[in-house]
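Notes follow once the structure below has been shown.
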C-alpha cells in the first residue's frame, strides 16, 4: 500500500474546519484539513475499539480517538494515520510527524455547533491524541489546531493477536496488533473438525460467533480494508481456553 498524498489546506485560519466526510480506501488522499486536540493520556486507555490495555496490545500512547466522520462505527479501528502540524508556526515543531493508530471514538457534542465547540461533531474530521504523542509535533499549549493527515501502513512487532473470550458456544475474538492496513473488515474462523465460518463484528475489532468449537484447534482468516487476506492456521491449540491471547501470522508492511 502506497502512502497517500498529504491533504491540501484551504482554510488555514480556522481552528476546526468542516467538510463532507469522504468514503475512501486506505490509499486515497484527503482533500481538506482536519484538526486534533491535546488530550489527557487517560482518555486513550482502553477505548471504544475494545483493545483494553493499549500498552499490552502493542499500541502504547501513539493512538487516537477519531470523530464520527472517520470512526465509521468502529470499522476504522486499527488503521494508522500519519499526522503533522501545519500553519500554526508558534506551536508546530517543523519537519515532524507522528503515526497513530485508531483505538478510540471522539464522541460528538450535539449541544454545540460543529464549527463552534463541537469539534467531533459530523462532518468534522478530528483526531483526539494523547499529550505524549501530541508533543512530538507541537507544543502542548496549542490545543486544537489544523493538521494534515494521511493513511499509512501500520508497522507492528510480532504476530496478529487473537484474544478469545465468551462462554459455552458463544465465542468472541478481539483482534489486535494488525500490520499493513490495520483495520480488519472481515473475519472467518475454522475448527480442525469443521470448515470456515464467518464471524460478525460486535464493535471495534471484537468479533463473535455461536458455534461449538471446544476441543478443536482454531484457524483464522482476516481481510483488511485494502482487500488483503491473511490466513493463520492452528493459531489456538485444541485445548484453547477463554481469556487467553494467541499469536498468528502477520500482514506484510
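All residue numbers here begin at 1 and follow the chain in the order shown.
Cβ coordinates come from backbone N, Cα and C, glycine included.
Remember, TrEMBL labels are computer predictions, not curated facts.
As recorded in TrEMBL, the features of this protein are as follows:
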DOMAIN    46-159  domain 'Expansin-like EG45'
DOMAIN    169-248  domain 'Expansin-like CBD'
SIGNAL    1-29  signal peptide
For the domain 'Expansin-like EG45' (46-159), the number of residues DSSP places in helix, strand and coil: 14 helix, 34 strand, 66 coil
Across the domain 'Expansin-like EG45' (46-159), average pLDDT on the 0 to 100 scale: 89
